[in-house]
Every structure is written in structure tokens, then in C-alpha cells.
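Colleague: I'd like to ask you about the structure that follows.
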Amino acid sequence: MRSHNDFESITIRLASPERIKEWSYGEVKKPETINYRTLKPEKDGLFCEKIFGTTKDWECYCGKFKSIRYKGVICDKCGVEVTHSKVRRERMGHIELAAPVSHIWYYRSVPSRMGLLLDMTVNQLKSVLYFEKYVIIDPADSGRSRGELIDEEEYHGYLDEYGDKFVAGIGADAIKELLARIDVDAEARMIRQKIQDKDKISDKRILKRLEVLEAFRDSGNRPEWMVLDIVPVIPPELRPMVQLEGGRFATSDLNDLYRRVINRNNRLKRLLALKAPEIIVRNEKRMLQEAVDALFDNSRRKRAVKGKGNRPLKSISDMLKGKQGRFRQNLLGKRVDYSGRSVIVVGPELKYHEMGLPKKMALELFKPFIMKRLVDLDLAPNIKSAKKKVEAEDKEVFDVLEYVVKEHPVMLNRAPTLHRLGIQAFLPVLVEGKAIKLHPLVCHAFNADFDGDQMAIHVPLTPKAQLETWMLMLSPHNILNPANGHPICGPTQDIVLGIYYLTSELPSEPGAPLKSFSNLDEVHYAIDRGVVEFRTKISVYHQGKILETTPGRLIFNTILPEGYAYVNRPLSDKETNRIIADVYDKYGPAKTVLMLDDIKKLGYRYATLFAPTISIEDIRVSPGKVGLVGDANKEVEKADSEYRKGIITNEERRKKVIEIWTKTNDLITESMFKELEKDKGGFNPVFIMAASGARGSKQQIRQLAGMRGLMAKPSGEIIELAIRSNFREGLSVLEFFISTHGARKGLADTALKTADAGYLTRRLVDISQDVIISEDDCGTEESISLGIVKEGENVIVSLNDRVFGRYTAEDVIDPVTDKVVYPRNTLITREVGQKVENLGYDKIRVRSPLTCESKQGVCIRCYGMDMARLIPAEIGEAVGTIAAQSIGQPGTQLTMRTFHIGGAASAKVQEKEHKVSYTGIVNNINGRLITNEKSQSVFSRRGSIVIQRLIQQYKTEELSNLRVENGQKVDKGELVATSPSGENITSAMPGAVHIENGIFRILGEEAVIPVKTGTVVNVKVNDITQPNQPLAEFDPYNEVGISEIDGTVQWMDLEIGKNVRRDEDLRTSNILLKVIEQRREKLNPRIAVISGGSREEYSVPVDAIISVQDGDKVKAGDILFKIPTVAEKTRDITGGLPRVDELFEARRPKDATTLAETDGKIEISGEIVKEKRVLYIHPDNPDQEKVKVTIPIGKQIRVRNGDFVKRGDQIDDGNLDPHDILRVKGVTALQVYLVQEVQEVYRLQGVHINDKHIEVVVRQMLRKVLITDSGDTSFVNQQQIDRLMFNEENKRVIAEGGSPAESVPILLGLTKASLNTESFFSAASFQETTKVLTDAAIKGKTDNLMGLKENVIIGHMIPAGTGTKKYKDISVFKSAYGDLDRPLEEEEEEEIPQSIADDSDGDE
């Protein structure tokens, strides 16, 4: 027998009237529901037993047949079949309508499908359906065309004139007739022909119409089925009616809606039978149409039908929509049995794989197992009495409970479950009380703390489920964070504090001899006798050598695995995590778990022994604070007076003040930490808590003992009045008031941002849920290049970290020997990465999900390593969901962390100079330099300084026996020459040899430092610069415009009162001339400098402050105007989350920058079209035409007449638009940009996410292409199509000898891409449910159930992990029902950390 769950795909389509009749078991003729006296369903009513089946099992309505033996008999008296009452959930009825009505989904949705087919607008359709206008069906010789609307008078006029030949109609009848007359095939052919004739068609409506026509043609649906003659009635159990106490009834809204339809339908039938006047009948028909509309989709109507208490009734569509709808409430998330929840408390005595389960809960959760066991042991004769025993809580029940619970894993979950580590499995240990006990080290993964958090517990029942739980979900298998491969189980808080105290060292008195010991036992004895302290320096004979260490460190080293290098340093939380990662790398998870439990024990033990506490005295305020604050006040005063004299603007003064306070705050913090460090011999508890990473950050301690510093307003602006006090001294009233801003913003943000982050995660999951690892190798030749990430000069992410866990895409070759070190497709482990780094590579090509060519999902080689286990990913791994969780989870975390600092603002100290931290040689200075009055070299346009790191330099005569030649690459430590005295000279770093003019140099990488206009250069080409020597100086607060020649100023299109505003500063009475936007007039503001016959023009952007008057004389290098840069706002993820959001949604930024479409030379024409300046780019290739570029007048242009630009360069200021990058620079550039930008936001917050997760999502955003030329394919121009389908179709057409289609890639944001998935189930359960289903039904779409969501919805196993196709045929055999047996466990011994297996044996 075929089970109803055994199918591969689901198709959705329009139902024909015959189909609806086929489903139905009878017609519902009366609006009655149940008889108020007998409470039995009324015959022919909405709950009729004859139609829908009996309400009592195996019993007919009248009671003639009353037992299972009459199964299938239909009662001759009442006509009810004797069957199960369950059939009332599946049997449908129908209502025969007296007049056809239109289905609201097809005429009211945008775009209206019916409207597209008939080429009518929604309003026209409505006026026909609602009996306002006639529509022409057959125009005869009237000269009108089919489908035109006419009013009553015209209709009668035409009738009189042309008689029966002229046919027009009104209402749904007419629409149905028109739809039935459409020849879908012919229409579609005609439109295709039209499109080809017109070429490059742009009318979207025609394309849309073609799409709908072809949908009907290909799906076998008939257009007239969109008009209903017969309405299905859903089974009564799905719209139940229940009796409340007090004899009243609660009913589903659908019953009310159905009743209205039946009432109106019956009334219409009567009126037609009575041959009532047309006007009355029409009104009734209109009301029937409205009733059916309300039944199908009440929320779409302007005035929804209201029920009791003025509440809109819930129609069939509303049942599906939204968070409370069928999809999201019941299909994607169900409540499950065998679960419980309780408060959690810490269980420091537990092992890493255990949890404490309260006996009360265990009794309920394991009830069936206990009952079965009681019967097996003959402690109860049958299940029923066993149940009684359990409920009475007899003594033997608890003995059995121990046995049943043993080795039966349970799952713990803490909401919100933001990533897969929010559910983990543990082995239960029974405990007294009512609270669940949780191991302290798994808290971080759950983001749990013990301030009243609750957790839910779930029991896996079947042997298969238990096995999976045990093998995959047990906490020891989840030590690493899937987002980045770092341990997530690191110790925190008291454990860290204990370990830090244990491994720290007391300062020893100078010259005092060290006590010596020969082994660990002696040291223990000495501690017990009080001869030495845990932190005293001693010397000890250990592992064959004499060490200088402390007893505490010796004790700590006993818990590390054998053979691990001796750890001889104080361990903060970061250090401990490093050791955990290292042990995992070298010894695997089993040893790591054992070590974790030992670390936990040690940490708690010694935190208790050393018992640090903090008192107010421990918060030491630095004595230097008063002086520093005094200096700052003087500097602020100075800035104020400069402003009053008019030397600087108010904005500059403000920035200066903020900078002064930021700097002062940093200085105070520094001196405070020095003070704390000296206090109590380096063991000040406040300092230790911060230093060890146990609690508190530098930020927080700075506020306790330094100064609170600058605060931000809710808008993110910084208040320039700094808070000079700290919490130890106490705040003044004003300071307290300023502080409240930040504190409140913190709380408000947390509430709002958590929802945003949750929604981001939901969209990410939705777009990437069907990315599953599907094959071993897709065989692509494509790859991406990954390299070091730098910020200025600092390496933020090393090459090793960047390429870890990827497969190489090319052979890695040793640059010295030219041998292949690692062939293509080598998995890059830490070791491999280190070696590649040592070879001097700063970037290599690796495989990536972005370039993977798998049909479904991605392949192992392109994805690389599974970050949660550091082994290659396996087929069936749901990498898409993991990627989504890895990106979404920190979003939520970070927003929840804003408020801990209490809104203290941090502004960057503005740099005024360019410098590098090493000795360098200036290779080149790009850009136009002019010499000003002070004879300084000034950049008059944007440019750059190219500097190369100088590693070593010798005169050639100082060297003998050169081993290298000019241009050769050298490695660190490579021998390059010997000196005359015979000493070896080796390279200090990887670099390249450079020999010229008798000088031998080893040079490192080049750095290009971009500089802005007005920068003063202090160096010349070929200068050798010292570390941190200022290379160039600039104004950090303003962008400037600089004159390139001496001459006289002439204002052009600058008029005071029109586009120049005179701002008088009230406090200083200085006058500022500021350029403002002028909408009405076509002004192109610029300043010209005229000298003899030559003139130079400079465009002046909006917001510029003009520094010269009309007619002034200026010298080359003088400033003509300044543009103040926007005040720095504080950046936290509050700014960050919206940024991630707009990147993933691919939104166009407000003021997008313009990119150069081609390489070429700029010509600024000076013409203005529609408030935009016009520029031309003359391409390098003379055959190409010049490219016109328009830029809004207000924007600052980055280029000048005669500049050369490269394709993709920014021409004006503004933010990059991802769509432009894709269009101009191509897919690769866009991918790199998106990954980098998203990483940037998270990196600012100190969150590590592996690139591959972001790549998986970006891959999904670039799935579609836009057809630009359809060739001989079945595509239409401007159609969006899946890239894979596009390639397949092209292959087919080429094979048949046709011309292939051409397309451009398009970028879709998360929401758009999710709604465009192949699976309509997935899209419908995401957003816009009715729209998706309408569309799918017309197209007759088939859902092949490839993704995870679709399968969850219909209750299949998901096609990932053990549900993958290739595992479908494997079955698990069990010798006994209940728990896992010994033999199974032995087979899997490898997978289960030894500690667990040992433990479980030892407890019996």
C-alpha cells in the first residue's frame, strides 16, 4: 500500500468546476449549522452529517446502525455512512452558485492576472463585475472593439441598432465569456511576434501579459476557471464550532462567511425563480460577489466584513498569512510532546556531557519507558496498573527511573535559538529539586546565565533519533563555533579568575635565592606546610629539565594532555582559549573535553581559595588626573579664543574640543591603569578582573576610576561637554543629566534592534536554506583570490586565518625552487597555511562557494572545511542554514551589548599626517604638485604617495660573494651575501632584492597612501624615510579647493542671496559665505582664477565655505573654498546592523556615487541639464564614442578637466551602489565588495565570521540573470531567469544549432531573492503568501521539495544530514525497544569521547 506521505513533488493549479464537484460529497443548501435543542448538525447545513460524515464513530445520524460491524454501510433512513468521525477533517462539500462570481485573488491582486489576460485595468474589471458598466463581447459592425466598456444608454442604443448580432454583457458572466473566448496559444504567438518585430521591447505590461498567457498555455489551466460557478466548502473539523460553558457557542469565522454566501445565493435563486426586476437581481448578484470575495480574502477588501465587537472576520487567506497563519504557526513550528521547561541553575559538579534533570520532570518525560520497564520486570501486571504506579510515585518507580534515564540522551534548548548551538544534547543525571542543572562551560553557546533563565528539554524517542542525538548533538561534539572554528566552550568569569590567580606570579624580592624542588609532590607538600605560596617563584626539576616557574603553574600544567608544551605564563581568558584551540587541533575533541572539565574544577577551586573581592577602596583614582583635566580645559579655552578671532569655524572648534577630550580621556585611562597595576603588588582585584578577562572592560573601569568622558545624544551626535568626574568621585547634577541620554538610548536600542536582528536572520535563513552540500567536486575551473586584510599598515587578518579551511585552486609553488609544494585541491590546514605564509605569499587562489558550479547546493571542494569540526564538510551538510545563523546570531548579540558601556561615546582622534611605522623609500608621488608662498609642495588635486618598505640596505662594496640577483624574491632568514669579514648576511623579512647605483637593498611590499587635495608633502621621490616620520600633512576637518595658478578671482554663478548664504556668527560676528542648494535657477557655481590669457575654473559644491571674494588676488596653492567633513558619529552595530541590512537587501544608497563606465580622459563641458552637470569621458580607444555622465550640481566632483580615469573609478562623492559595481566592474568585484563590507561591520565589533558563510549568501543573491537578447531560446527579453536554467537552455539551443541567449547578471536583495525561489512552498511561507500562491497556481508550478523548508512544511524528513537522498535506504535495527544497546555503542566507540563511555560504565 502506498503511504500518503510517499511522494516526490507537489503541484498547485487552478481547480476546474468538475474538479471541485469531484472533491465534494454533497451540496450545502442551507446556512444552518446545528440544531439549538438537540445540538446535532442540521441536514443540508454547514455541518451536515450526510455530506461531511458522522460526528460519532461508527454510528449513523438516526441511530439505526451503531457499531463497527456496519463499517461502510449507508443508512437508508438518514443517508449517513457508518464510518470514522475523522472523515469530517477531509470530506468537502460545495455550493452551486446561481450566478458566476470572480475569484478575488485573480482580479484584485497586483498585477491583476485577469486584467492582464483581458487587457483591462483593475478598475475597469471592477466596474463590470460590480454591474456598473457593460463590456462588449461581440461588437458586430458597430466599429467598437471587443473588451471595450460602455454604459447602459450606449448598450441599449447599440442593441436597437444592431439587434442580436451585437453582444455585450455585465457582471461575472460577461467576464467569464470573454475569458473563455481567449485563444491562449494564438495570443502568446502574436505577442512574441510583436516583441521580435519591435526588438528590445521596453513595455513591462506586454512582457507581463505574455508571461501570464504562456503560464496558462503551459500549465493546462483554462482562463475561465478564474470565474467560479461552484464554491468548495472546506471540511467542518477545519472550521469547528465548540460549546462553551453557559451553553453558548464559539465558532470559526469561516462559518459566518459561508453563511452569508449561502443566504445570498438562496435569495438570488428565489429572485430568479420569481423573475424579479433586473435591478434587484443585479444588486443581489453584486452582493453575492462581495460575499464570496470576503470568504476568500476578507483583508483585501476596502471595507472588510466585521463580526461581533467590530472585528474583521478571518477569511481563508488570513488563515494562511503571517506569523499566526497556518504556514508559520502550525507547519514550520509545532509544539512537541515529551518536552518540559524549567529554570536553570549552575551545575559545577557535572561533566561536560551531563545535565541535571529534576526527578519530577524525568518521571513525566520518561513515563512510557518507565511503564514498559515496570511491566518487563513484573512489577506491574499491565500498562494500566504501571501507569497508576507511576502516578502514585511508588518507591520502585524511582529505581526503574534511574535505569531508564541512564544513557538516554536529552536535548536542551534555550530560546532564542539563534544558531545551532542553541540546542545541544546531554546525558541526564537525576537531581532533587525542580531546577535543571547546566554545565557552566556550555553557557556561552546557549548565551545562558543564571539570573532566572529558563530552558526547555526534549526527549528523543526512537532508537534512530537517539542515535542521531548521541552521534551529532551531544555537547562534546559541539566545542567549536560553526561561524569561525574557534572554541565556544572557553571558561568565563570565576573560572578565569581562579586560573589567572593560580598562574600569576608574585614579584620576588631582588637577589633572594629561589627555593628548589625535585618534583610536584614536594611542591604540594611545601604548599601544605606554608613554606611557599602558589604564586611564589621557584625552580623545579620537571620533565628532564630545570624550570623557573610557580607552584600554581605546575598544578595547572598537570591537567594539560601528555606531551603538551609546558605553559609558563599567567593565563587570561584569551590565553586559555588559545590553549583550548591548540589542544583541540593537536589531540582532538575527546582530550579537549577532559581538559575542559579539569580547567573548570581548578578555576572554581582556586577562585574560592584566593577569594578576591572588591571594595570602593580598590577603585584608585590617578593623582595625575587633576593636572590632565586642567591642561584640557586650557586647550579648550584656546580653541574657543581662536574661534572668536575668526581663525577657525564653529564646526572646526567643535571637532577640536571633542578631540581634546578624547585624547585627555585616553591619557587619564593610561595613568589610571598604571596606578591600578602598581596597587597591592599588582593584585588589585579590580585590575585583575579586567586583566584576566573575568569581568569588566577597560571602558568600564575608565568610567569608575578615570573620567566618564564624552557622551552621545540619542541622535549619535557627541555632546562637547565632557563628563570630568568618574563614578568613584560622583557626578555633578549636570553631568548626571547628560549621562541619562546614553543610558536610555541603550535600553531603547536593545529592544528595537533585537527584533531587527531576528528579522535579518529570518531572511538570511530563507534565502540560503536550500544550499546543501550535494557532491564531492563540481569540477569548476573558477576560483577567487584571498589575501591579507590590512588597515593602513596593520595586518588585521593574516593569510593563514583568511585561507584556513579552503581548497587551493592552483598549485602552490615555492618561489625559490619552483617546485610544487601543494598541488591544486589541497585542503589548507593551519600547518599548510603557515607554510604558504612562510613562502612569502600574501595572496593565493582558492575554491569558493561563489564560483561553485553544482546544480543543487555547493560541492565539498568549493565549500572546504566544516568550521564546527575542522574536517572537510560532508555531503548533506546544510551549509546554507549554518551560514545564515553565523551571520544573524552575532547581529542579535551585538545589539544586546550596546548598553553595557552606558552610551559613553568614543570618537577617533583625527590624524593630521600620513606616516608609516617602518623605514621606507619613496618610490613615487602621483598627482599634481604646486609650490605655495611658503615654498611647500602642495597637492592641488587628489593623488597618492607610493612608499616601499626598506628592510636592509648596504653599499655593494661592503658585500662579498652575493648569493642573489636583482629582482629576486627572498625569504625570511635566507642567506643573501657574506660580509668581507666572513659573516653571513641574511634577510630579516620576506622581500625582493634591488641593486642599483652601487647600493644593495632588500625591499618589502609597496604601500599606496591616497592623499586629498591641499595635502602638504614633506618628502621627495627616492627619499629614505624613518619610522613614523610625517610624510605629508593635511587638514583633517575640511576638504579644500586650491588654486593652481597665481591670478585674480572671479565668481561665476555665485550670487549672495541666491545660492550663497551670508552666515553671521552671533558670538564672534565673523561672516561665513556658504554655498547652498538652489533648485529653481540653473546656476553652475564655480570660481575662476584669471591670469593673463589663461583661466582655470573650479566647481564649487553645496555646503562649501568660500574663502575668497570676487576680485581678490590669489597665489598658487591658496585655498579658494573649504568643505567641512561630516562630524564623526559614534559607530556601534546600531549603525552596523542597518548597514548589514542594506548590503544584503542590495538597496541603492541615497546619494550613490557615479562610476566611470570606461577608461578615458575627462572633459568637463560646463553645460547644465535638469540641475545636473554634464561631463564626458573620451575613451582611450578612438573608435569608441565619448560617454556622457551627469552629476547633480550639489555634489563634489572628484575629477578635473583633463584627468584620466579607469573603468569603475568614482567620479563624484557618495556611497557605492552594489548594482553599479556589478554593471561596471563585474561579478567578481561585486562579490569581493559585499564580502568585505559585511566583514568590515562585524570586524569593528570584534566578531569573527568566516568569509565562506557570507559567500554562501552572496552566491544566493546572484542566482538570477536578466535576458538582454533572447536568441533562439524560449526566453523573453528583460525576463529574470535562474542562472542554471539559462545555461541549460543555451546548451540545448547550441546543440540544435541555434543562437544562444545573452544575459547580464543581476543582484537581488534577500527578500526579493527569497520570493523568487523555485519552491512556492518556501516562498509562500516567507512573505506575501497569497501573491505567491496566486502566481504558482496560474503557472501550475511543481515544487520538487529540494529545500529544507518545503519538506518541513509537508512533514517529510529534510534532505540534509541523515535525510539526504543517499542515506534514504539505510535502516537501523534494534534488538530491544527503549534505549540504545551496548553493541551499537561499541561500534561507534570512535565517535563518543572516551570520557563519556568510561563514565557511563562506571556508574552502574
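Heads up, the Cβ atoms here are built off N, Cα and C, so glycines get one too.
What Swiss-Prot records for this protein is below:
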BINDING   Cys60, Cys62, Cys75, Cys78  Zn(2+) 1 binding site
BINDING   Asp449, Asp451, Asp453  Mg(2+) binding site
BINDING   Cys778, Cys852, Cys859, Cys862  Zn(2+) 2 binding site
REGION    1381-1404  region 'Disordered'
COMPBIAS  1384-1404  compositional bias 'Acidic residues'
Colleague: Since the record lists Cys75, Cys78, Cys778, Cys852, Cys859 as binding-site residues, which of them has the fewest other Cβ atoms within 10 Å of its Cβ?
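Modeller: It is Cys78 that, of the binding-site residues Cys75, Cys78, Cys778, Cys852, Cys859, has the fewest other Cβ atoms within 10 Å.
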Colleague: According to DSSP, does Cys859 (Zn(2+) 2 binding site) fall in a helix, a strand, or coil?
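Modeller: Strand, per DSSP.
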Colleague: Nearest to Cys852 (Zn(2+) 2 binding site) in three-dimensional space, by Cα, is which of the binding-site residues Cys62, Asp451, Asp453?
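Modeller: Out of the listed candidates, the nearest Cα belongs to Asp453.
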Colleague: Sort out the sequence-distant neighbours of Cys62 (Zn(2+) 1 binding site) for me: same chain, 6+ apart, CB within less than 8 Å of its CB, listed by position.
Modeller: Cys75, Lys77, Cys78, Val80
Colleague: Excluding Asp449, Asp451, Asp453 themselves, which residues in that chain have a Cβ inside 8 Å of the centre of the Cβ atoms defining the Mg(2+) site?
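Modeller: Apart from Asp449, Asp451, Asp453, the close residues are Ile344, Ala448, Phe450, Gly452.
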Colleague: If one looks at the chain holding Cys60 (Zn(2+) 1 binding site), which residues at least 6 apart in sequence have a CB under 8 angstroms from its CB?
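Modeller: Within the chain, Cys60 (Zn(2+) 1 binding site) has Cβ neighbours under 8 Å at Glu49, Thr54, Lys66, Cys75, Lys77, Cys78, Val80, Glu81, Val82.
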Colleague: Have a look at the binding-site residues Asp449, Asp451, Asp453 and say which one has the shortest Cα distance to Cys862 (Zn(2+) 2 binding site).
Modeller: Asp449
Colleague: Let me make sure I understand the structure: which of the binding-site residues listed (Asp449, Asp451, Asp453, Cys862) has the fewest other Cβ atoms within 10 A of its Cβ?
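Modeller: Taking Asp449, Asp451, Asp453, Cys862 as the binding-site residues, the minimal 10 Å Cβ count falls on Asp451.
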Colleague: At the level of the C-alpha atoms, what whole-angstrom distance separates Asp449 (Mg(2+) binding site) and Cys778 (Zn(2+) 2 binding site)?
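Modeller: If we compare the Cα positions of Asp449 (Mg(2+) binding site) and Cys778 (Zn(2+) 2 binding site), the gap is 45 Å.
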Colleague: How big is the Cα-to-Cα gap, in Å, between Cys778 (Zn(2+) 2 binding site) and Asp453 (Mg(2+) binding site)?
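Modeller: Pair distance, Cα basis, whole Å: 46 Å.
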Colleague: When DSSP states are folded down to helix, strand and coil, where does Cys78 (Zn(2+) 1 binding site) land?
Modeller: coil
Colleague: If you measure Asp451 (Mg(2+) binding site) to Cys859 (Zn(2+) 2 binding site) at Cα, how many Å is it?
Modeller: 44
Colleague: Within 8 Å of the centroid of the Cβ atoms of Cys60, Cys62, Cys75, Cys78, which other residues of that chain place their own Cβ, given that this set defines the recorded Zn(2+) 1 site?
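Modeller: Once Cys60, Cys62, Cys75, Cys78 are set aside, the remaining close residues are Tyr61, Gly63, Lys64, Phe65, Asp76, Lys77, Gly79, Val80.
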Colleague: What does the structure give for the C-alpha distance between Asp453 (Mg(2+) binding site) and Cys859 (Zn(2+) 2 binding site)? Integer Å is fine.
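Modeller: It is 40 Å, counting Cα to Cα.
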Colleague: Taking the recorded Zn(2+) 2 site as Cys778, Cys852, Cys859, Cys862, identify the other residues of that chain whose CB atom sits within 8 Å of the mean position of the site's CB atoms, giving them in sequence order.
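Modeller: So the additional residues around the site are Glu775, Asp777, Thr780, Arg847, Pro849, Thr851, Glu853, Ser854, Val858, Ile860, Arg861, Tyr863.
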